Amino acid sequence: YRGLETGSRDVVSHVVKQGKIIYVFTSALNPGNNEMGDHLVKHGDGVKDVAFTVENCDFLVEKARERGAIIIKEPHVVEDKFGRVKLAVLQTYGDTTHTFVERTGYNGLFLPGFHAPLFCDPFLEKLPSGKLDFIDHVVGNQPDNEMVPIVEWYQRNLLFHRFWSVDDKQLQTEYSALRSIVVANYEETVKMPINEPAMGKRKSQIQEYVEYYGSAGVQHIAMNTSDIITAIRNLKERGMEFMTVPDTYYQQLREKLKSSKVQIVEDISILEELKILVDYDDNGYLLQIFTKPVQDRPTVFLEVIQRHNHQVSNNIAIYFLLHVAFLPIGNLIILTPNGTSEKL
């Protein structure tokens, strides 16, 4: 926690953690905070920053600068009695930023300036574990024709490489389509799918996101688990809401699996009960489920994913699900090459 009680006069931040997953929720303490105020008016609640732990902050920032990256905050040191941490902030797509965190030898709870929570809700100890382990990937949505430039930004400035890609001919539903490229760091421990909309009979959910968010931004954050069935049961018990899946999805899944080499260990009936999606190829499969948007705008949501020797999702499942889930909002409209027609 960081706030008035800890000496922070401008912002308050609450940090939550499970496994290796850390979220920081930040708000302004005073009126007239232009940075946060402008961001909230334009985007609503959303992901402002995705942080990376790094070994040499100065070197990475200098190399990124040489390649044309915009440095929002130069490398600087923050410290307290537990040690020192070096931070720097780079601009990426939209109003999103990346913070580099070099924390060699720091022994505090989180970062200098943060203290243990002032209050712990006694009910939390009575709730079941979320069973979530680490961030699997973070997805960024872009306006049309901006996916490739952003992918090149990661390749040029952060030395990421293309891990996987798919075009609109491969990734489409009956009504809409998208293009996606996944970039990853050298060790492939950080994966960033970058999406853009493509022409279809109806407006893409990617385009829907960009319009409601006001620019490119983080569409969703995926959290990895080793036991998705227990995780989803527990998360639902804790009150988390997930997108629904039509029963026909599981009828079709059972038929397709009859001719597949892959063997799903989990009981399909339980996956159907919990509305967990299955993506697979001959080498393995993954299980995934998506929350409803975590704010009023149909923008940012979360994913829970479990992998069984399957490293990439073809995203058809998520795209189909998003299309069905966002239909009740009434903003998915029929598109033509010359413009748009009335809402459905």
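Using N, Cα and C of the backbone, Cβ positions are placed for all residues, glycine too.
Secondary structure from DSSP puts H220 (Fe cation binding site) in a beta strand. Using a 10 Å radius centred on the Cβ of H220 (Fe cation binding site) and all shown protein chains, the other Cβ atoms total 23. As annotated by TrEMBL, Fe cation binding site applies to H137, H220, E303.
What TrEMBL records for 1-103 (among others) is domain 'VOC'.
Taken from TrEMBL, the feature domain 'VOC' applies to 134-292 (among others).
Annotation comment: TrEMBL describes 316-335 as transmembrane segment.
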Beyond the listed site residues H137, H220, E303, identify every same-chain residue whose Cβ lies within 8 Å of the center of their Cβ atoms for the Fe cation site.
D136, V138, V139, P193, Q219, I221, A222, M223, F290, L302, I305
Cβ neighbour count (10 Å, all chains) around E303 (Fe cation binding site) is 21
